[in-house]
Every structure is written in structure tokens, then in C-alpha cells.
Amino acid sequence: MSSPARPFTVRAPASSANLGPGFDSLGLSVPLYTTLRVTPQDKAEVVPLGTELADTPADESNYVYRAMTLAAKRAGRTLPPARVEIETEVPLARGLGSSAAALVAGVVAGNELLGRPLDDETVLDVTAREEGHPDNVAPALFGGIVVATLDKLGTHYVRLDPPAHLGVTVLVPDFELSTSKARAVLPREYSRADTVHALSHAALLAAALAQGRLDLLRHAMQDYVHQVWRAPLVPGLSDILEHAHEYGALGAALSGAGPTVLCFHDQRGSTATLHHYLHDVMTKNGLSGRVMDFPIDAAGTVVEHAK
């Protein structure tokens, strides 16, 4: 017997996490999307589409489908069967939250199939616990800029509207860097000085973003917790962190675990000089890739039902 539920689409954005000192706690939403088209039917069917997903499973072991079952598990229900078509614009293993977009889209889709038994805060908690940190899933779910923590008591967050005129320029190199490899190079312990530096700059960055103090971004985005250790894995990163402001960037950071690098820019001005500089850095380091400008996505994950 077929399900009476209507088909629907879930669209979850990419994200850029850390933004320098906000390690595992601060991120923003980028308008590149993972899209699921879900059609309730008598049996489960998973259909990855496009070249980015050519190597992903076309069955219930697919990460998106497994994410859908997480919603059912949290709700104490069985996931209704459906055909799930998956497409993504988010480059994989580049530090733009491809796994978080897939996870959030899947949990939201599973929740939708079940009739929305989970509220947004529970969806956030499910996804943050699955990822192990909330800095990508929170902006993917809510859009904008999000400060979030994950602990035994739950997942807590504050969403910030993007400051007026703040845009992002991303350099996406044509090589992959796994999060596990990027985490493996980090030290097990940090000095008191580096800890204080991280705390103070993360707090300043959150406050600057909340109040639209674009003039403080370059200083607030300084970081000694992860970028200095990951720089050898991303040719040209140190150059960009030190010099991007000379070419119009308001601040620069490794995006998530990399290798993508994010620069903030003022949308009222031209980014041509910054683009030229970033392409020069890639050329100097024997890399190829793309440089793109984006606004910060404000909507987060969106569900649309067929009419």
C-alpha cells in the first residue's frame, strides 16, 4: 500500500567552521547546497546523482539514508520507506562541511517523513552528537553565523544575523584533505598562553560578528590552536593568513579542516585584487582550484513540499 504523504525536497547548505580561533564552536553558512528529493513509496531506494556522488553507495548504507534513520531512532519510531534522490554542490573533503550538509539534510528529511516529531533543537543535538562537534551542523541547520557548544547537558547555540555588507571569498583547491588527517597533526595539549589567546580571540570574534565590527575581524581571527599545525598540509595557507589583508580581505582563516581557505570581504567593494592574489598563491604553490565569492546563507536548511 502506498504512503499518502507528499513528496518533498530538503536543501541544506555548506558551511565554514572555526573562522580562526572558534575551534569546533563557530561557523557560518555558505550557499552551496546538498539537495534531497524524497518520495514516500513502498520500499527504500537511494539514488545518488552527479559526479560528486559517483562513488557513494546507492543503498541504505548511504550516509544520507543512515542520517535519516537517526531521526527515527531519536523519535523511537521506524523510518517510513521512501525514494531519496541526492545531489550536492558542496565539494567533498574540502573543508566546507559536506558531511554536515548530508547529515543535516538526512536528519531533517527523516524527521519530515515521520511527521516532524523532533523540534529544531533536538535535530541540532542529534546531528552535533553524530558529528562530534556543532560548528558545521549548526549553521547548516539554522543559516547565518552560529556559536555553539556540545556537552553532556545538550547542544546550545546562538545564531547571529550576518553583519551588513559582510561576504566571503573562498579558495577551494583541487585536492582533498580528510578531517581525520587534519586532526591527527594537532597537539594533545596546549600551553596556558595559547589557551588564553584562543579564548580571548574567539570571544572577540563572536562579539565583533554580533556587532558588525568588521574592523576587528583581522585581529580577532588570529589562531594558534589549529591553523599553525595544519599549515604544512595546505600549501600557501601561511602566506594567505599573513598577507590577504593587503589585498582587501577583512580577515582570513582555514575553512574547517581545510584545504579551503576563507576570506571575509566587504561587499561594497571589489574583490578582483583579492582574487588575483589568491590565484597567484595557488600558482606559486603548484596548485589549481577555484576562487568564488558568496554572501552568507541566511536561511539554513529548507523543506519544500510538492504542490
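Heads up, the Cβ atoms here are built off N, Cα and C, so glycines get one too.
Since the structure is predicted, the reported quantities are computational estimates derived from the model, not experimental observations.
Under the DSSP three-state reduction, GLY97 (ATP binding site) is assigned to coil, being neither helix nor strand. For GLY97 (ATP binding site), other Cβ atoms within 10 Å of its Cβ number 32. Annotation source Swiss-Prot lists ATP binding site at PRO91, LEU92, ALA93, ARG94, GLY95, LEU96, GLY97, SER98, SER99, ALA100, ALA101.
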As a test of the contact definition, list every same-chain residue at least 6 positions from PRO91 (ATP binding site) whose Cβ is closer than 8 Å to its Cβ. LEU32, GLU52, SER98, VAL172, THR260
Using Cβ-Cβ distances, find the residues under 8 Å from ALA93 (ATP binding site) that belong to the same chain and are at least 6 apart in sequence, listing them in sequence order. GLU176, LEU177, SER178, THR179
Taking DSSP as the reference, which of helix, strand or coil describes PRO91 (ATP binding site)? coil
Within the chain of GLY95 (ATP binding site), which residues six or more apart in sequence place their C-beta under 8 angstroms from its C-beta? SER16, ALA17, LEU177, LEU254, SER255, GLY256, ALA257, GLY258, PRO259, THR260
So for SER99 (ATP binding site), how many other CB atoms are inside 10 Å of its CB? 20
Other residues near the ATP site, CB within 8 A of the CB centroid of PRO91, LEU92, ALA93, ARG94, GLY95, LEU96, GLY97, SER98, SER99, ALA100, ALA101? ALA14, VAL90, GLY256
List the residues of the same chain that sit at least 6 positions away from ALA101 (ATP binding site) in sequence and have their Cβ under 8 Å from its Cβ, in sequence order, or write 'none'. ALA12, PRO13, ALA14, SER15, TYR33, THR34, THR88, VAL90, ALA140
